[in-house]
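Here is the structure we will look at.
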Amino acid sequence: MTIRYLTAGESHGPGLVAIAEGFPAGLAVDFDEVNRDLRRRQKGYGRGGRQKIEKDEAEFLAGLRGGVTLGAPIALVVWNKDHESWKDLVSPYARGGRPFTQVRPGHADLAGALKYALTDARDVLERASARSTAVTVALGSLAKQLLARFGVRVSSRVVAIGPRLRHVEEPPTDAERDAIEASDLHVEDEAVAAEWRALIDAEKARGGSIGGAFDVHATGLPIGLGSHVHPDRRLDARLAGALCGVQAIRAAEIGDGTQVGRSGPEFHDAIQHDPARGFHRPSNRAGGLEGGMTDGMPLRVRAYMKPIPTMLTPLATVDLATREATQARYERSDVCAVPAAAIVGEAVVAWELANAFLEKFGGDALVDVEKAVEAYAARIR
């Protein structure tokens, strides 16, 4: 049993829709929790004006009854409130407005228009927009709720705005998690947040943008999710691909993956065992993954986000229609969206973990999954 989904929708279209397949029957869904995650995605110092317009909520259309999954495909939609102001420009039934031809460096505009033989880059940018991550977060919230039934907890924190990385390895404590959730920059240290706000303000003043990095942690994972037998089944590859599939993410790191200058004894984690804890490690440099599989330690993955390429001070470009030099066209955008990207990162990591979990323990009903988990835990002790 695996889970999969498809989404559709444009940034300023009527809404964003998704169909998810493979969730076992019997999972009670907390709709308030789904909407809480959607609100978390909208937070963040440096966000643009659209977040004042949208009040994202997921509307479930199929696959549940009385708040409980049925084993059938789940359909949901997140409506775009801003569509009302754009309905004459972005509509399935009509085209309006002047074509978007001053393509923006760093976006999908040029490559997408040429690939699909389009003369108006709006036909590319509306789908390529990170607005689509709203429905991704709703799906990820379902995955997190499934994992939580088995003691798996997924969280995130921002570790950089601008060039300097914070060195934090352990998953956040409950107190740190509360501070992170209260922060407009998704970080537990207010002094650090103040430094980052100053960087964002400086970029806003010069008409630029700023990127950064975030970590996603997952605790409570059993040993053995994923596989070593084929590259496409390795969980580290799947997680890296999921993170790099998020708009503006340019790199992903597993554990201490970039610290390749260390010697072998300094890079790897020794293995220990005792009757109470089972197999465990005194360190977690691998970030919870070895050989494409979870090793029982907390998962730690990092994603690096580039500065958003839509800027008030535009870069030079070429007009798609005339092929003449011009300046990139500005669209309403964020100065910094790293905190929001961290919530999206949680969602895509949770989805891949839930998928791997159901590959290992899957059944058509949640009770079957629970029995499989119990039997496996007893066997590997």
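A Cβ is built for glycine as well, from the same backbone N, Cα and C atoms used for every other residue.
Cβ neighbours within 10 Å of Arg41 (NADP(+) binding site), excluding its own Cβ and spanning all shown chains: 27. Classification of Arg41 (NADP(+) binding site) by DSSP places it within a helix. Annotation comment: Swiss-Prot describes Arg41, Arg47 as NADP(+) binding site, evidence class sequence analysis.
Residues or ranges marked as FMN binding site in Swiss-Prot (evidence: sequence analysis): Arg127, Ala128, Ser129, Gln247, Ala248, Gly291, Lys306, Pro307, Ile308, Pro309, Thr310, Arg332. DSSP gives Arg127 (FMN binding site) a helix state. In the shown protein chains, 17 other C-beta atoms lie within 10 A of the C-beta of Arg127 (FMN binding site).
Annotation source Swiss-Prot lists region 'Disordered' at 272-292.
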Under 8 Å Cβ-Cβ from the region 'Disordered' (272-292), and at least six residues away from its ends along the same chain, one finds 169, 218, 221, 223, 226-228, 233-237, 239, 254-257, 259, 298-301, 380-381
Least crowded of the binding-site residues Ala248, Ile308, counting other Cβ atoms within 10 Å of each Cβ, is Ala248
Taking only the CA atoms, the spacing between Ala248 (FMN binding site) and Arg47 (NADP(+) binding site), expressed in whole angstrom, is 15
DSSP output for Ala248 (FMN binding site) maps to coil
CB contacts under 8 angstroms to Lys306 (FMN binding site), restricted to the same chain and 6+ apart in sequence, sorted by sequence, are Gly106, Gly211, Ala248, Ile249, Arg250
Reading the DSSP string in three states, the entry for Lys306 (FMN binding site) is coil
Cα of Ser129 (FMN binding site) to Cα of Arg47 (NADP(+) binding site), in Å and rounded, measures 14
